[in-house]
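Peer 1: I have a structure I would like to understand better, so I am pasting it below and will then ask my questions one at a time.
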Amino acid sequence: MGDSEKYNEKERMSADIGSPMRDTAAPMLPTVNPDVQKKEPPASKFHPAVYVMTWITLSSSVILFNKWILDTAKFHFPITLTCWHLVFATLMTQIMARSTHFLDGRKSVKMTGRVYLRAIVPIGAFFSLSLMCGNMTYLYLSVAFIQMLKATTPVAVLLLGWAMGIDKFDVKTLINVSFIVFGIVVASFGEIKFVLVGVLYQLGGIIFEAMRLVSIERLLSSAEYKMDPLVSLYYFAPVCAIMNFCVAVVFEIPRIQMTDLHYVGLWALLANAMVAFALNVSVVFLIGRTSGLVMTLCGVLKDILLVAASIAIWGTPISALQCFGYSIALSGLIYYKLGASTIKAQFSETSRAWAEYGANHPAMRKVIVFGAVVLFVFIVLGGLAPSVGYDSTYLQSVIKDSDKAQ
């Protein structure tokens, strides 16, 4: 046997010895360590639509509840109401931080005394002023007109970002947002119950809110300061509560009487604070479960529902010119937030889905089209009237006259 043959025989025997066929009982080594495999996050028990509807319901409820307390219930102390919300939020976030896992995100925030004084306190001041001005507005303007004015918030954020050098000036973007401003100006001219003081308060709230958002982007934009809404409330609520309390002590608290509290009801104030805090919790659950497109459209839907609720509850008159201007503003807002490419892609996808639905359900498609046409005709005919809504004072006088006649 030659040297080459001996070498091949040894190589074959070595291969046979190392082969797993020699010992079938030998354990197989895993290719991936199961201990280091990433675990998939647990799937949500609810459909994303549940979180979206919860957010819309709570967000609308807070606005309508505040309007009812400050206007209908005659509790004309908006700064005190804001302070109460923040005190309740401070207590709840402190309790949740010690008893639940909802605020575990604060452990990843590198918060120091220096950061708190240089970032949290000034941003909290803007937050407090925004809340105070926003609640003051309910004393003068309707919910419908307030929601229309709030559509200019993205414009204020954009202009302030350009002024502070955070964003680069873009003429195309300026033209896009000009449609929002134009629509709100038209809606303001169509406002039947226009109160200048209320508009100034709302514009002040929008400016302070824009300053808060731009300050967050400038001072807390790094990764170690990223916070979800509940963690942000954990840090901002205490300082905002102190600021609001200082203002309320000077302007409102000395004028509050026990009759004011009993008239609105202590349980109503507690429920109002609970709904406001639940809104912040719902936002935490909503994040990551929907897309930016869905959030933008849901925000527009919420504003439209609030306008309708204002008409149904308080009989707010809405002119045809106001509807026209608000439609322009909402269209400009959607275009500004989503962009032309996203809108085109979504329109194509919707057209394809509609065509597929019509092929599978032709009768139902005809019913939907007929209903849409009837609704459009109803809206157009209603717009021919000078205003939409009813005069609650007039209705009350008619009822009293009929009672006396009987």
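The count begins at 1 with the first shown residue.
Keep in mind that glycine also has a Cβ here, set from the backbone N, Cα and C atoms.
Not my notes, these are from TrEMBL:
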- 1-23: region 'Disordered' (REGION)
- 1-14: compositional bias 'Basic and acidic residues' (COMPBIAS)
- 48-69: transmembrane segment (TRANSMEM)
- 49-336: domain 'Sugar phosphate transporter' (DOMAIN)
- 75-95: transmembrane segment (TRANSMEM)
- 115-132: transmembrane segment (TRANSMEM)
- 138-162: transmembrane segment (TRANSMEM)
- 174-194: transmembrane segment (TRANSMEM)
- 200-220: transmembrane segment (TRANSMEM)
- 232-251: transmembrane segment (TRANSMEM)
- 263-286: transmembrane segment (TRANSMEM)
- 293-313: transmembrane segment (TRANSMEM)
- 319-338: transmembrane segment (TRANSMEM)
- 367-385: transmembrane segment (TRANSMEM)
Peer 1: The transmembrane segment (263-286) vs the transmembrane segment (75-95): three or more C-beta pairs under 8 Å (separation of 6 or more)?
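Peer 2: These two stretches do touch.
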Peer 1: Considering only Cβ pairs within less than 8 angstroms, which of the stretches 75-95, 174-194, 200-220 has the most against the transmembrane segment (138-162)?
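Peer 2: Answer is 200-220, with the largest number of Cβ pairs below 8 Å.
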Peer 1: Spell out yes or no: are there three or more C-beta pairs under 8 angstroms between the transmembrane segment (48-69) and the transmembrane segment (200-220), with each pair 6 or more apart in sequence?
Peer 2: no
Peer 1: Within the domain 'Sugar phosphate transporter' (49-336), what mean pLDDT does the predicted structure show?
Peer 2: 89
